[in-house]
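So that you can see what the record holds, here are the features copied from TrEMBL:
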DOMAIN    4-62  domain 'Tudor'
REGION    53-111  region 'Disordered'
COMPBIAS  66-75  compositional bias 'Low complexity'
COMPBIAS  76-97  compositional bias 'Basic residues'
COMPBIAS  101-111  compositional bias 'Basic and acidic residues'
TRANSMEM  208-230  transmembrane segment
TRANSMEM  254-273  transmembrane segment
TRANSMEM  294-313  transmembrane segment
TRANSMEM  325-344  transmembrane segment
TRANSMEM  455-475  transmembrane segment
TRANSMEM  481-500  transmembrane segment
TRANSMEM  521-542  transmembrane segment
TRANSMEM  562-581  transmembrane segment
Amino acid sequence: MPSRKFADGEVVMGRWPGSVLYYEVQVTSYDDVAHLYTVKYKDGTELALKESDIRSQSSFKHRKSQSSSSSPSRRSSSRSRSRSRSPGRPAKGRRRSASQSREHKDDKKKAIQETSLALVVLVLFKPSENNTKRYNGEPESTEKNDTSCIILEQKLKPDLEVKRVLEQYSLRSRKDDKKTEEIFSEKKTFVAVKPIEKVSSKTKELEFGGRIGTFMLVFLLPATVFYLLLMCKQDDPSLLNIPPLPALDSLWEWRVFGVFLLWFFLQAVFYLLPIGKVVEGLPLSNGRKLQYRINGFYAFILTAAAIGVLLYFQFELHYLYDHFMQFAVSAAAFSLALSIYLYVRSLKAPEEELAPGGNSGYFIYDFFTGHELNPRIGSFDLKYFCELRPGLIGWVVINLAMLLAEMKIHDLSMPSLSMTLVNSFQLLYVVDALWNEEAILTTMDITHDGFGFMLAFGDLVWVPFVYSLQAFYLVGHPTAITWPVAAAITVLNCIGYYIFRSANSQKNNFRRNPADPKLANLKFIPTATGKGLLVTGWWGFVRHPNYLGDIIMALAWSLPCGFNHILPYFYVIYFICLLVHREARDEHHCKQKYGLAWERYCQRVPYRIFPYVY
């Protein structure tokens, strides 16, 4: 194993990724496995660099002296060339004067070329600091890491004047000048097409309890879903009343599995329809942007039309309720098979297409979190498709099936007020998600997490079968509520939805166009990445106001089920735990990404989700 060259705490010069610029950084740590140094820039940004991208400060000083010391060799070669010129040259004394004049001119032209080359490099490869400042609304002259460019420009101004004079009175042959220009052009071309080195990074910090935790979750998540569904089927769904295990043959039916496959592939067909706009996602690690077709709302409309046709021809939609457990088992089996396929195909994926959070090298961890970031079959994005289509739209269809089952079982001419509230609230949530489908492209699920068992099971099983738990519970345990109580619950849901939607709209609009005049009243903290951290509006109230709105809505969805059992409130309890855990993940990633700017933001906005509480 090669020994490390730079020690912790040592101040060195680090190359900014994707450029040839070196900035002063401090070494904070070293990874013996990946052979990467973690360095910290003056603005607090932390990056992992290879040893070849780090230089000592003394080496830069040495290079400067080296370039100046190379001039004697050029002078000697110039003198030797001057002695071999035409016999009709002037006297010896004048020859020396002419030779010295030429060598002085050559040195000047050489210095001008080197200075110009350095300036070209800065212009071509400077990591968009000026764009960052314009994004943040700051003047370009305040850029911290711009001193090298300013010095070169100052040096270049007098040299350009000398160059003009030399070109006008040059004694050097045009052939030599042409050769020099070709060499200089080749240098510039070489610099301009210099490839950006890709740093291969392994996932260092394991989440979800590491290998042991993810191994247990692979079994615990399906067991939780089946347990909740069995509890809802009981007359007394209390926690102490453990349901008996059903017979294994009652959990599987091929016809049910066929209906699930038909549903999945019907949504895939809707996804492939050439309707809706095509947008670009966020840049990947290699700078490429993937394209996504935004037609989830159209898929929902087509699905609603198909369900309407089935009901018109008197199709018994409460078939879903009668075989609910079998549908859950079929979805779990399909998600497991899909996860295996995703992991196998990810083994052949290029390094740059792997997920930053699922590239640990441990099978079970990468299988659970997802090894490949954006697995695609042609233009069909598997993760993006499963994120909103089969599970989220399926959630609404299941709720409708539960509403019809309640009416049939209890012989009702119209659904109960509790069931109506649950269906209406959750329908609003799903329609909002599909209408604002483009916003999902900036979420952690798309930008950071790979597509593995966690998201596959969550999208296809957890969302449709756990999120519909309140409707499923009300079928077997009807709960009567009064109109005033229903009105109060509706107001609570509207408050949560308003916070959720307005907070997300503020964030998404600011990300798209921070210079929008409509957002002129919003204040933010600039960061080294070029993005701003909002400190006014909802994002100045708490760090995750959208989570706060989500939790308020989740409570409103459970309240129509009454207070006889805690089972309908599982969603609220689970959702609070989920969002607190996700907030911790966001906190960790933002601290690494934004550095000191994130610390300033946390001081400005101290509360994470619940104001004055957490």
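A Cβ is built for glycine as well, from the same backbone N, Cα and C atoms used for every other residue.
Because TrEMBL annotations are produced automatically, they should be read as predictions rather than curated entries.
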Mind pulling out the one from 325-344, 481-500, 521-542, 562-581 with the most Cβ pairs under 8 angstroms to the transmembrane segment (455-475)? 325-344
Taking the transmembrane segment (294-313) as reference, which of 208-230, 254-273, 325-344, 562-581 has the most Cβ pairs under 8 angstroms? 254-273
The domain 'Tudor' (4-62): mean pLDDT? 81
Contacting positions for the transmembrane segment (481-500) when only residues 6+ beyond its ends and CB under 8 Å are counted: 417-418, 421, 425, 428-429, 432, 538, 545-546, 548-557, 559-560, 562
Per DSSP, what is the residue tally for the domain 'Tudor' (4-62) in helix, strand and coil? 9 helix, 28 strand, 22 coil
Folded-back contacts onto the transmembrane segment (254-273), same chain, C-beta under 8 angstroms, at least six residues removed: 293, 295, 298-299, 302-303, 306, 323, 326-327, 330-331, 333-334, 380, 385, 389-390, 393-394, 460
